Every structure is written in structure tokens, then in C-alpha cells.
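Participant: This is the feature table in TrEMBL:
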DOMAIN    12-69  domain 'ZZ-type'
DOMAIN    70-122  domain 'SANT'
DOMAIN    74-118  domain 'Myb-like'
DOMAIN    74-122  domain 'HTH myb-type'
REGION    348-372  region 'Disordered'
COMPBIAS  348-359  compositional bias 'Polar residues'
DOMAIN    356-443  domain 'SWIRM'
Amino acid sequence: MDRLGSFSSDPSDKPPCRGCSSYLMEPYIKCAECGPPPFFLCLQCFTRGFEYKKHQNDHTYEIMTSDFPVLDPSWTAQEEMALLEAVMDCGFGNWQDVANQMCTKTKEECEKHYMKHFINNPLFASTLLNLKQAEEAKAADTAIPFHSADDPPRPTFDSLLSRDMAGYMPARADFIEEFDNYAEWDLRDIDFVEDDSDILHALKMAVVDIYHSRLKERQRRKKIIRDHGLINLRKFQLMERRYPKEVQDLYETMRRFARIVGPVEHDKFIESHALEFELRKEIKRLQEYRTAGITNFCSARTYDHLKKTREEERLKRTMLSEVLQYIQDSSACQQWLRRQADIDSGLSPSVSMASNSGRRSAPPLNLTGLPGTEKLNEKEKELCQMVRLVPGAYLEYKSALLNECNKQGGLRLAQARALIKIDVNKTRKIYDFLIREGYITKA
């Protein structure tokens, strides 16, 4: 049985003859019944009837040769492969170098044959067109453009941008300090010698295997960083901020899963969720219009304007109610509000604020809702109201004075003033209160 086949034109790339171990030159013989591995013989060993182990000289065989035309009657298959290898080695357009490497064809023949059968061939052109269209269709499904090969910036060493990039060195595609940076230390004292026992040799090989696994983990992490564009952290944060807050929360939650899927798939997921969020928001707005009885967008614009005005008024009323909650002199507040209303309406103030040249004492502090109030007793609450001190600060000052008193065995007023840097009158009131209640003692 005859069969045509081919290998590279380099004799060293062909398998050796099983009979004489010489490099095979075409044509040569392949046994159709022996193998694997394939059993090859040169013509000289085949004619002598060489037999080896299970191979017999009456087995069916195949003739291996590339001396047959493929695309052009004047070009053999071996010359076709030599032409492709020469173009790959010398570069497209360097036809003189291609001809010199082939040795069997001229410069013009190489150029004409390559352009006719590999560039302008309708079969190859349609195949390339289909591949290009498939690639464009694949790119069209991408949610956002992703360029994993973008050249990162090259900041100076130890600059702010260099620290933001975690010490990445673009020219080496490496980091100043790698993940698991001291993995090589476990190998520095290992030396393989001939008189090692089997157990010791196996132990050393296990250490090397562990080191290889640590290197693989290092490369895996570096690949994730490069593929997802995490080298320039500032640029990554700016891209993240362009999403709404709800999508940013999802982005933060799903970031840990980005290593499982590819960068394009991860961006697709985030972009699709952002689109879903915008669609739901728009649907909710249209449903609100429908509930309000709005049937056209002109009325919708008027509705939005009035709604914005109502929200602003509601916010003002809320702010005023909060102010009134902490103001003790309600009559003065009402007088001020009436005066502001007259000013806003363009009228002269109907009531003038009475001036008082004398200094008025500040009203007691309202402790309602302040943090730490629940930790105070009634006397401490009264003290904080009179000295206008928030409960959290009072508790810190009290703790500092108690600790110092326990260390010194007593505390003087001067020492208390040195510990808490506030108004001296407030310090004296706090000091006297703590002594009166028995929390601290005088030195």
C-alpha cells in the first residue's frame, strides 16, 4: 500500500532509519503494521529486507515523499514548505533572501508563486475574510473596549505614582518586591550530590516542587494584575467612579470573583448590571408619570420642575425643625423667622431685633441624641449641660484624670489643666466635680 507524506526539508528533523540509524532522505518507507512508534526504513535497508523484533519484511508499507505538486504543477510540496519557511525566516517582501534560502527557485518565481497562491488565492481570501468577520462579531459583543497591552506609565523610582503602581517596572514587566518575595531562600542551601540517599534526594525534590508551585502562584497573580489593568491603581479607581453608587457597591463585591472569569467577561457583567440599573430607574420614572396621570413628556418636564421645588421646600422645613429642636429661646427664633420672611418678600422688617449691650450667658447644652449621654448619671448630665461639654469629651477627660490620679496617688488642679487642654474655667468645674463626687483625691 502506497501513501504520500512529508516532513521538513531539514534531514535532522526527520526520524532516523531503524536499520542503519542514518537520517532519512525522501523517499523512504514506513511500515503500515508496526507502531506506535512509527517504524521507518531507508530504501537501502528496505531492499535488503531488514527485520527487527516484530517487524517482518512482508509487512505492508507506505512510501513517504513530498515530491508531488499541491498548488502548482511546477512546485512540489517540499518546495511549498520551503517557501513558507523562508518567508517566515526572511520576512515578507525580502524575495532575494527567500530565493537564496530555497536554492531551487529565482526571486521572481518565489514572489509570483507566493502572491498568486497565498495572498490572492480566492479560497484563502474568503477564509481570511470569514475569520476577520468572526473576530469583528466577537469584538462587537464586548461591553467596553479592553486593551490589555496598553503600555503603563514609567514613573521615577519611589515617586508617588511608583508607589501607586506597587513598584511595577514596565521595562521588565516585573515588580520591585514580588509576591512571596523570599521564596528563593528555601533553595539557597540545597545542593544535589551523587552520594545523597534516596530519602534525602526525594526530600530535596519535594522542596523544589514546592518552590515551583510558589512560582506558579506568583505568575498567576501577576497575570491577573496585568489582564485586569490593576497596575495603574489611580486609573482603575477613576474608571470605577463613573458608575452609580449601587453599581460601585456591586463592583466592590464582585471584585473578588474577577480572578475566576476573564477581564472582558467581568467588564461585561458590570456593564450589563449598570445598564439594567439605568433601565430600572427609567422604568420607575415612567411608572411615576403614569401614576400621576401624565401622558406626554411636556407635562413630565413641568412635573419634574414642581417636584424639585417641593423637595427644596421640604428640605428647608426639615432644616428649620432641626434648628428649633436645639434652640431654647423659641420667641427669639420666631422673631428672627418673621424678620427673614419680610426680607424675602421685599418688605422692610416689621420687628427689629432688640440689642443688648450686656453679655448674655449661653443657654445650657441640649444633650438629646448626643453619643455617650446614656453613660452619664444625672449629676454628670447636669455638669455637661452647664459647662456645655459633649458627653464623649467629658468621658475622655474623666478617664484621663482618673488614670493620672491612680498613678500619682492624688491630683492637683495644675496637673489637671496640663492634662486636658480646654478652657481653664471648665477644667476647674470638672476638677471640683470629680473631687466632690469622690472620683479623685487632692494631692
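Glycine is treated like the rest: Cβ placed from N, Cα and C.
All TrEMBL annotations are machine predictions without curation.
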Participant: Over the span of the domain 'SANT' (70-122), count residues by DSSP class, listing helix, strand and coil in order.
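Facilitator: In the domain 'SANT' (70-122), the DSSP-based counts are 36 helix, 1 strand, 16 coil.
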Participant: What is the number of residues in the domain 'SWIRM' (356-443) that are helix, strand and coil, as DSSP sees it?
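Facilitator: Summed by class, the stretch gives 51 helix, 2 strand, 35 coil.
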Participant: Any idea what the model's mean pLDDT is for the domain 'SWIRM' (356-443)?
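Facilitator: In the predicted model, the domain 'SWIRM' (356-443) has a mean pLDDT of 81.
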